[in-house]
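Asks: Got a structure here, written out as structure tokens. Questions coming.
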Amino acid sequence: MISLSIKWPLATMLFLPSSLLILLTVSTRSWCQSSDTMSPKASNGTPFPWEKMRLPEHIIPVHYDLLIHANLTTLTFEGTTEIEITASQPTSTIILHSHRLQISKATLKKRDGERLSAEPLTVLEYPAHEQIALLAPEPLVVGLLYVVVIDYAGHLSEHLQGFYKSTYRTKEGEVRVLASTHFEPTAARMAFPCFDEPAFKANFSVKIRREPRHLAISNMPLVKSVTVAEGLLEDHFAVTVKMSTYLVAFIISDFKSISKMTKSGVKVSIYAVPDKIHQADYALDTAVTLLEFYEDYFRIPYPLPKQDLAAIPDFESGAMENWGLTTYRESILLFDAEKSSASDKLGITMTVSHELAHQWFGNLVTMEWWNDLWLNEGFAKFMEFVSVSVTHPELKVGDYFLGKCFDVMELDALNSSHPVSTAVENPAQIREMFDEVSYKKGACILNMLRDYLSAEAFKSGVVRYLQKYSYKNTRNEDLWNSMASICPADDSQSMDGFCSRGPHSSSASVSVYSSHCSFDLRFPGK
């Protein structure tokens with residue numbers, strides 16, 4: 001457990017007793033295991049060789065080559081996934097995720113000197129855990145690079161998750177179909193077999209086959225398009241940086257776009273249906289301004305050559321932070337100067353700010369497991385107010401941040417609430433973490449910490465956290481340690497307010513143990 005006890009400063013909470021103590025209990029990595037008491041059976045009735053919901057850690061994905069061909073007429077798709085893997089211990093079983101995919105063939109390739117060998121893999125499916133097991137004829141050798149090749153097919157989802165169908169109607173009344181993705185938290189496995197957990201970061205090479213009348217976009221810029229069989233085009237996109245599976249994205253559509261460059265040379269583009277692309281100007285200007293702000297604030301350049309923002313007609317959540325290709329509900333990205341309101345403009349600004357903040361918090365540095373989702377969402381929500389108060393002062397977003405904190409405190413008082421970090425295991429439990437506690441309570445904790453430390457000290461801790469853990473995964477204690485390290489500890493290994501504030505100032509002590517972290521802030525009464 002991580003026990004976080006904080007007293008609110010009386011000066012900012014006049015109507016609260018000075019002795020009020022807010023206790024935030026945050027669980028750490030005590031993973032729940034599967035409740036199954038019997039050995040699992042694969043869909044063909046044979047024993048499935050893995051019982052847990054979480055994947056084993058001894059197979060490490062390094063690189064994915066994805067080839068996707070979606071048919072927007074039949075609403076089906078075919079794919080080939082090639083995954084470079086290594087093994088940290090000998091094993092003849094490879095466990096990974098697959099959900100609602102029909103796997104036709106699996107092969108294991110390895111290089112033996114100058115010779116490249118290929119062996120068939122036996123495939124077992126365990127739908128209850130959305131897993132498959134690939135059985136090799138002999139154990140994998142530790143340290144050797146292997147390539148798993150899987151051919152499969154699937155149907156475009158009707159439920160706005162995974163690789164799904166979306167539609168829109170033109171001014172002339174024609175219904176047009178497009179295919180888009182939404183993988184967070186556990187739906188990448190619906191588009192391609194993968195190690196679908198945030199800690200299994202890898203590089204991705206994406207290829208999309210499409211009809212010439214369509215356009216394909218993905219996380220990275222287009223490198224080339226080649227003509228293949230049946231008059232189709234195959235788009236090859238640049239290799240991504242190291243990232244989690246839930247951040248992969250691709251869209252096949254007839255969208256139009258407008259673009260601008262940031263001062264540092266990042267190409268920012270808005271994609272939308274042709275009839276609405278004229279409503280994208282405000283979002284484009286806002287995205288450029290905010291991306292420049294974040295590069296300056298975090299002192300870490302945006303690592304990709306482009307940032308696309310796509311307005312999707314059918315979109316389940318408000319927006320999604322796919323690295324280099326953020327996706328939005330149309331109403332949250334497009335601004336009609338004749339019909340949209342000031343409230344609409346505020347919503348667009350805050351949402352774009354949130355998703356661009358994720359390019360650092362969530363994408364560059366990612367929580368190790370979904371129990372620490374607030375490290376992604378709490379920071380992104382908090383940075384909405386930090387960024388927009390500077391880039392768009394006329395919106396006066398700082399005026400209602402404290403009200404948001406009071407709202408979530410009221411919600412947090414309900415019996416149905418939960419700690420900021422809560423042990424979760426299966427996809428249903430993970431989805432429940434996307435709530436007001438992870439977003440707004442997390443943001444309020446960070447705002448409290450910034451007010452206590454000072455804006456500059458807090459910023460230094462944030463920058464240190466991002467620099468230290470770039471392209472890696474973190475837990476709660478990694479953030480606290482980064483914040484605690486902005487000033488050296490005394491001989492007793494306790495940090496007095498992180499930096500000394502005098503004999504009558506507030507005090508802080510941080511203790512980090514192997515299984516929990518205790519973080520105390522104490523403020524004097526008046």
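Going from the start of the chain as shown, residues are counted 1 onward.
Placement of Cβ uses the backbone N, Cα and C atoms for every residue, glycine included.
Remember, TrEMBL labels are computer predictions, not curated facts.
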Asks: Given that TrEMBL annotates H354, H358 as binding Zn(2+), state which candidate in E330, E338, E377 belongs to that site as well.
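Replies: So the Zn(2+) site in TrEMBL includes H354, H358 plus, from the candidates E330, E338, E377, E377.
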Asks: For H358 (Zn(2+) binding site), just give me the three-state DSSP call.
Replies: coil
Asks: With DSSP assignments reduced to helix, strand and coil, which class does E377 (Zn(2+) binding site) get?
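Replies: The residue in question, E377 (Zn(2+) binding site), is helix (DSSP, three-state).
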Asks: Around E377 (Zn(2+) binding site), how many other CB atoms lie within 10 A of its CB?
Replies: 24
Asks: Any same-chain residues 6+ apart from H358 (Zn(2+) binding site) with CB under 8 Å of its CB? Would you list them in sequence order, or say none?
Replies: E321, T326, N376, A380
Asks: Long-range same-chain neighbours of E355 (active site, proton acceptor), Cβ under 8 Å, sequence gap at least 6?
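Replies: When sequence neighbours closer than 6 are ignored, E355 (active site, proton acceptor) has L309, A319, M320, E321, T326, Y328, A380 within Cβ distance under 8 Å.
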Asks: Are there any residues in the same chain, six or more apart in sequence, whose C-beta is under 8 angstroms from the C-beta of H354 (Zn(2+) binding site), and if so which?
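Replies: Correct list: A319, E321, A380, K381, M383, E384.
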